[in-house]
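Asks: Handing you this structure, nothing more for now.
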């Protein structure tokens, strides 16, 4: 994470008069990113409320969705706070810089947690498709909760080490920071991303094959998973590249600034997209304006095949959270 210290603007940044076009693009993209963050926080807050406070029964996948919504909300909140500090008036620069650095570290924590949760979702569903009998009979009862807790702990540990060795306010150790940075980025780009891509590809092939053989639509749950992963890889991957590659590549400040802006907007879009995916996939054309949001969300996350010509029940089944 050492590479991220210089990859984005910070409070007190001054842009020279010769960068008028870059400045205009920067503020335009920043405005879009902030608007996306606000909408995404509202959507993820709704998902969190429906799954935790609305009395909805939760399946193992619902547990992952709840944790993912929390990670996305935290990421969007930190992103919006950072953008506000960059573009708003700075009354006390030192305090603003410390708040900015804190928000940035929490943002990395949320990003890592969200990435690892999506990887766990894809891996678990891939195993359920490849080994359905083993998965049904031998999966630990509280696997989803245990895995989610372990991934949050791993994300916290990784970002704590990065903060301890790399944050400028804590007298960073450049040598140790470099090692932590390599391990951190290797874990993200060398393990989580490849596993997510591999398992989601296998899942897509098997789901597509089964749908063609049985001549029926794939489960809504699989559509939700594959769409969410596709959006994440398309929109959030630029942020990971921004963290890792820009440190090794010598590029102009204008290019670095613009790429940082675009990667922020795309990652904000990714964290805001999941609630939209849930409600689009879970809605039924004949009752699109008549159903409650809880019913739509429950149908999207239901881990059962949908009978042909019949409406699918809308509650998440509680099969061992």
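From the backbone N, Cα and C atoms, a Cβ is placed for every residue, glycine too.
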Asks: Choose the correct range: of 73-93, 94-114, which one does Swiss-Prot annotate as transmembrane segment? Give that range.
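Replies: Going through 73-93, 94-114 one by one, Swiss-Prot gives transmembrane segment for 73-93.
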Asks: Is residue 293 placed by Swiss-Prot on the same side of the membrane that residue 210 is on?
Replies: yes
Asks: Which stretch, out of 182-202, 287-307, is listed as transmembrane segment by Swiss-Prot?
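Replies: Going through 182-202, 287-307 one by one, Swiss-Prot flags 182-202 as transmembrane segment.
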Asks: Give the residue counts of the topological domain 'Cytoplasmic' (94-146) per reduced DSSP state, in the order helix, strand, coil.
Replies: 48 helix, 0 strand, 5 coil
Asks: Check the transmembrane segment (31-51) against the transmembrane segment (221-241) for contact, please; criterion is three or more CB pairs under 8 Å, pairs 6 or more apart in sequence.
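Replies: Judged by the Cβ rule, the two regions do not touch, with the required three close pairs absent.
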Asks: Under an 8 Å Cβ to Cβ limit, what residues of the same chain, 6 or more beyond the ends of the transmembrane segment (261-281), are close to it?
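Replies: Residues 8, 25-26, 29-30, 32-33, 36-37, 39-40, 43-44, 46-47, 65, 68-69, 72, 75-76, 79, 83, 111, 114, 220, 223-224, 227-228, 231-232, 234-236, 238-239, 241-242, 293, 296-297, 300-301 contact the transmembrane segment (261-281) from elsewhere in the chain.
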Asks: Should anything in the same chain at least six residues away from the transmembrane segment (221-241) have a Cβ under 8 Å from its Cβ atoms, list it; otherwise answer none.
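Replies: Here the qualifying positions are 61, 111, 114-115, 118, 121-122, 125, 185, 188-189, 193, 196-197, 200, 203-204, 207, 259, 262-264, 266-267, 269-271, 273-274, 277-278, 281, 300-303.
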